[in-house]
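Engineer: Found this in Swiss-Prot, in case it helps:
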- 1-101: topological domain 'Cytoplasmic' (TOPO_DOM)
- 19-85: domain 'HMA' (DOMAIN)
- Cys30, Cys33: metal cation binding site (BINDING)
- 102-123: transmembrane segment (TRANSMEM)
- 124-138: topological domain 'Extracellular' (TOPO_DOM)
- 139-162: transmembrane segment (TRANSMEM)
- 163-168: topological domain 'Cytoplasmic' (TOPO_DOM)
- 169-190: transmembrane segment (TRANSMEM)
- 191-202: topological domain 'Extracellular' (TOPO_DOM)
- 203-223: transmembrane segment (TRANSMEM)
- 224-352: topological domain 'Cytoplasmic' (TOPO_DOM)
- 353-375: transmembrane segment (TRANSMEM)
- 376-382: topological domain 'Extracellular' (TOPO_DOM)
- 383-400: transmembrane segment (TRANSMEM)
- 401-676: topological domain 'Cytoplasmic' (TOPO_DOM)
- Asp438: active site, 4-aspartylphosphate intermediate (ACT_SITE)
- Asp622, Asp626: Mg(2+) binding site (BINDING)
- 677-696: transmembrane segment (TRANSMEM)
- 697-701: topological domain 'Extracellular' (TOPO_DOM)
- 702-720: transmembrane segment (TRANSMEM)
- 721-730: topological domain 'Cytoplasmic' (TOPO_DOM)
Amino acid sequence: MHVTRDFSHYVRTAGEGIKHIDLAVEGVHCAGCMAKIERGLSAIPDVTLARVNLTDRRVALEWKAGTLDPGRFIDRLEELGYKAYPFETESAEVAEVAESRFLLRCLGVAAFATMNVMMLSIPVWSGNVSDMLPEQRDFFHWLSALIALPAAAYAGQPFFRSAWRALSAKTTNMDVPISIGVILALGMSVVETIHHAEHAYFDAAIMLLTFLLVGRFLDQNMRRRTRAVAGNLAALKAETAAKFVGPDEISQVPVAAISPGDIVLLRPGERCAVDGTVIEGRSEIDQSLITGETLYVTAEQGTPVYAGSMNISGTLRVRVSAASEATLLAEIARLLDNALQARSRYMRLADRASRLYAPVVHATALITILGWVIAGASWHDAIVTGVAVLIITCPCALGLAIPTVQTVASGAMFKSGVLLNSGDAIERLAEADHVIFDKTGTLTLPDLEVMNAADIPADIFELAGRLALSSHHPVAAAVAQAAGARSPIVGAVEEAGQGVRADVDGAEIRLGRPSFCGAEALVGDGTRLDPEASIVAFSKGAEKFILWVRQGLRPDAQAVIAALKARNIGIEILSGDREPAVKAAAHALAIPEWRAGVTPADKIARIEELKRRGARVLMVGDGMNDAPSLAAAHVSMSPISAAHLSQATADLVFLGRPLAPVAAAIDSARKALHLMRQNLWLAIGYNVLAVPVAISGVVTPLIAAAAMSGSSILVMLNSLRARSDSREIV
């Protein structure tokens, strides 16, 4: 019977002519596995990306559209000795919980056997220095074998299965030397017992398995902790929504069945499943994890809502603008996934070292055995020493040194409101010693404020707001928002470059340029009140009013600038805005170095000048308007609105009103880089010390297992320090 495989549900478009799929891969435990999988998949023609994420054992694949069947990737992984299937968050979590429980059972069996075998070994050890009869010693050895052999057969399954799959595929992984070491120790012990020898190694073999299982169990649980942020984000995703299928009829349908333009009902206590705009109702919503706004947002007609937001109080009708994988939540999840799977410079270095290290280890173990035999040692002693070399030199710590830090640091940055858009952004940001800020939309809030709204009569301001709804100009949008306008004036006409007008109760009303409204005489007053203001006029018959609109500084901008100065970071403003506006912002923030009226070319020239002086420049600017200067800087960062997240071009982006993510990201990056270097030195130092000691024969396989597991756990624990909070911004 011919069986076909359809993976179309799991394949998505990653770019023009490029397809993407995520596969879950079983049996990935170390950097050697990662390197082998990536090499094997990259060798397939037309594959443009093959990247393994060790924290969730997922491989991301991209290839030229129309050239490959995704089933070929699964077949190739099977040839390499790994079982693979399309990645789904829920099923991956279930599989990981099942594996964690299995590891715990194996650990329990191994630990129980270890305690009993150790108790049986005590009489043997004491008998070797007293007068124990050979028959008594053999009896204790056979009892130990009766406990250790079945226990090892069960508890060693995680290693034996992985090694068998690798050998069946005519390859090796780091479970192969571990399995060889355990089997050799048990086999030698049985042979020694049969020949009535004084020494057997059942205690060492089963304790070796116990140490290895402790290390693997802790390693898996630490990986789950590092992925906690991504898991929390996935938990925000609602799978169904109440869709209106008639004027007063709703149906609970999967999110995949919802399209833009549909209307859904959002009840109190529910998570929003779509992006859209409220068309009816009033409520408070919590969207802190989506947009960075820590306070509840009042949602009413015209308010945008996003998938993952929690509806707190009222009932809302929402017109859908995006659903499923097109939502802001999905875009944030993709950016976070990219950050977790990214390859930094240090990670590429560690991968290369791990890949070269494995064959060297195997060769070293073989040479050690032969060297000891040539030197006159027995095969027994030589093999024991070789087993110790195989185990102690496993490059697990080296393989975990960088990805664990990057995963933890990415999660810490996400909690600070920062998303990574580049693989080596953390390392480059940590090196930054000079920050250039754009003013408009960066140091200032992206939304405009009507500064003199309180001075305008309420009825006039409401009328101006309703008229502003008929204009597409951002200043008009600010007036409409400030006035709380919801119903536009019927019959309003917009005149390009001038403003908008309409007739109300027989009187003509106008909103726009002062000349359009006949209010030129009032402009001087507004300019004197605030030289930075954008001027908009409103007229109703003979009544004339001036509204002055400006962008306010971000609420914490002054504190953030002070914090950056305290970190010995140079700061300046480069803005294309008018000199009075830039000068006022620089004065308010105590930034002595600023330039106004600069062009994109001027910004690039200034960045290049600083780079020639040896500065590492962080450019913080609008992701769309400052694209050239963002690309020219050593590293770049953009404040970006929810609507424009998918268009982000900077190395890092942040959502929300505060500027604090800039300082928090620098702190996190510097700490992460410090921990990466620390971990590399820990891993390298461990191997430099461990290999000669193991070759010398001083270390038993038992001590080797404890040292190898301990080095990996030490690296993981050190990496978790990247979660700690950044320095307080005051």
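Backbone N, Cα and C atoms are what each Cβ position is placed from, and that goes for glycine too.
Mind running through what each feature is packed against?
Structural biologist: Confidence annotation: the topological domain 'Cytoplasmic' (1-101) carries a mean pLDDT of 80 in the model.
Residue counts of the domain 'HMA' (19-85) by helix, strand and coil are 21 helix, 23 strand, 23 coil (DSSP-based).
Cys33 (metal cation binding site) has a Cβ environment of 26 other Cβ atoms inside 10 Å.
Residues 132, 136, 140, 143-144, 147-148, 151-152, 154-158, 202-203, 206-207, 209-210, 213-214, 216-217, 220 of the same chain sit 6 or more residues outside the transmembrane segment (102-123) yet have a Cβ under 8 Å from a Cβ within it.
Sequence-distant contacts of the topological domain 'Extracellular' (191-202) (same chain, six or more residues past either end, CB-CB distance under 8 Å): 117, 121, 124, 128, 134, 137-138, 141-142, 144-145, 147-148, 185, 380, 384, 701.
Away from its own ends, the transmembrane segment (203-223) comes close to residues 29, 54-56, 96, 99-100, 103-104, 106-107, 110-111, 113-114, 117-118, 120-121, 144, 147-148, 151-152, 155-156, 158-159, 178, 181-182, 185-186, 189, 391, 396, 400, 404, 407, 700-702, 704-706, 708-710, 712-713, 716-717, 720 of its chain (Cβ-Cβ under 8 Å, at least six residues beyond either end).
Helix, strand and coil residue tallies for the topological domain 'Extracellular' (376-382), in that order: 4 helix, 0 strand, 3 coil [DSSP].
The Cβ of Asp438 (active site, 4-aspartylphosphate intermediate) has 25 neighbouring Cβ atoms from other residues within 10 Å, across all protein chains displayed.
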Engineer: Which bits of the chain, at least 6 residues beyond where the topological domain 'Extracellular' (376-382) starts or stops, bring a Cβ under 8 A of a Cβ in it?
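Structural biologist: The answer is 188, 192, 368-370, 697.
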Engineer: Taking the Cα atoms as reference points, how far is Cys33 (metal cation binding site) from Asp622 (Mg(2+) binding site) in Å?
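Structural biologist: Here the two Cα atoms are 41 Å apart.
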Engineer: Same-chain residues six or more away whose CB lies under 8 A from the CB of Asp622 (Mg(2+) binding site)?
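Structural biologist: The list for Asp622 (Mg(2+) binding site) reads Asp438, Thr440, Gly441, Thr442, Ser638, Pro639, Ile640, given in order along the sequence.
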Engineer: Which residues, given as numbers and ranges, are at least 6 beyond the ends of the topological domain 'Extracellular' (697-701) yet have a Cβ under 8 Å from it?
Structural biologist: 181, 185, 201, 204-205, 208, 372, 377, 381, 384-385, 387-388, 391-392, 690, 707
